[in-house]
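Quick look at what Swiss-Prot annotates:
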- 1-35: repeat 'WD 1' (REPEAT)
- 43-82: repeat 'WD 2' (REPEAT)
- 87-126: repeat 'WD 3' (REPEAT)
- 133-172: repeat 'WD 4' (REPEAT)
- 177-216: repeat 'WD 5' (REPEAT)
- 227-266: repeat 'WD 6' (REPEAT)
- 277-313: repeat 'WD 7' (REPEAT)
Amino acid sequence: MTTVAFLPLSFPFLIFNFGQYIRIWAKNSDSDQWTCKSILTEGHTRTIRSVAWSPCGNYLASCSFDATICIWSKKDGDFECMATLEGHENEVKCVNWSSSGVYLASCSRDKSAWIWEFIEEDEEYECASVLTDHSQDVKHVVWSPKENALVSASYDNTIKIYKEVDDDWECSHTLIGHESTVWSLSFHSSGELFVSCGDDKVLKIWKCLKSGPSDVKWISICTIAGYHNRPIYDVDWSKLNNKIATACGDDAIRIFSIVRITISISNQLLFIAYYQAHNHDVNVVRWHPKVDNILASGSDDNCIKIWKVHSNN
């Protein structure tokens with residue numbers, strides 16, 4: 001299992017690969033070479049599953065097969081583990097920060113998603129809610145970029161959306177459409193759409209329809225099928241352009257471009273690139289948050305690759 005996460009404010013990114021260590025890399029200023037700047041060897045006792053930078057770039061969250069979450073603080077270029085969050089009963093599969101940085105979401109094989117709140121004056125994290133709406137493993141959690149709304153994907157083939165109600169969190173929508181495990185999710189920059197990918201080799205684009213403050217529903221407006229030969233393990237929708245990248249079990253990366261956002265988005269979608277990227281399953285893709293043509297991929301072949309996507313694609 002490999003993961004990558006670009007630092008939100010600059011070009012360095014972090015990677016961990018096949019173990020319990022986190023490696024932080026930076027691009028050399030005078031070349032296209034990358035240098036490992038730091039290796040974080042403490043914190044976890046088993047393989048790390050996911051990592052995420054806070055929006056400010058000063059904190060890093062990691063989660064592991066050891067059922068814990070570590071919060072790392074960056075000071076003077078060095079990182080130290082400032083908190084270990086415990087509560088999940090099994091491996092923690094994904095962590096993700098809200099756009100405000102106040103909330104951190106985690107999900108686990110124990111069928112739950114947790115919301116942790118950062119108490120700034122105490123520099124501590126408290127559990128704000130435990131969400132147990134899924135009937136199987138929760139594979140992925142992601143926050144809307146525009147509001148405190150959380151979305152989760154599960155082995156039970158469903159997607160769930162959570163909102164804060166009276167200082168607690170509850171499931172407001174259950175989305176059904178995938179025929180097998182939903183592996184990953186990624187929002188469009190507007191927060192009005194997101195894309196999901198699944199074991200059924202399908203991408204789906206979902207749109208929020210609002211007819212009033214309390215009258216909200218999510219509908220599937222596009223199903224992208226026939227392009228992938230194996231399960232799609234990850235998807236990332238660039239916040240700088242309308243390109244969607246996928247990581248597939250057939251060792252390949254595919255890129256789609258949305259020409260225009262409409263209710264019939266399938267008529268505005270172009271399949272623009274295919275890369276036989278790795279020698280094994282590709283399990284992660286990430287667009288750079290500040291450079292619109294840079295994409296990173298990670299694979300079970302123990303490699304991370306950085307791609308420059310040309311504008312003519």
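Don't overthink the numbers, they just go from 1 along the chain as shown.
Backbone N, Cα and C atoms are what each Cβ position is placed from, and that goes for glycine too.
Here the repeat 'WD 5' (177-216) has, by DSSP, the following mix of helix, strand and coil residues: 0 helix, 24 strand, 16 coil. For the repeat 'WD 5' (177-216), the residues of the chain that approach it from at least six positions outside its boundaries are 139-140, 142-147, 149, 151-155, 157-159, 222-225, 228-237, 239-240, 242, 244, 246, 256, 261, 263, 265, judged by C-beta separation under 8 angstroms. By the count of Cβ pairs under 8 Å, the stretch nearest in packing to the repeat 'WD 6' (227-266) among 1-35, 43-82, 87-126, 133-172, 277-313 is 277-313. Secondary structure of the repeat 'WD 1' (1-35) per DSSP (helix as H, G, I; strand as E, B; remaining residues coil): 0 helix, 18 strand, 17 coil.
Sorting each residue of the repeat 'WD 6' (227-266) by its DSSP state yields 2 helix, 18 strand, 20 coil. Between the repeat 'WD 2' (43-82) and the repeat 'WD 1' (1-35) there are at least 3 Cβ pairs closer than 8 Å, counting only pairs 6 or more residues apart in sequence, which means the two stretches are in contact. The predicted model assigns the repeat 'WD 4' (133-172) a mean pLDDT of 96.
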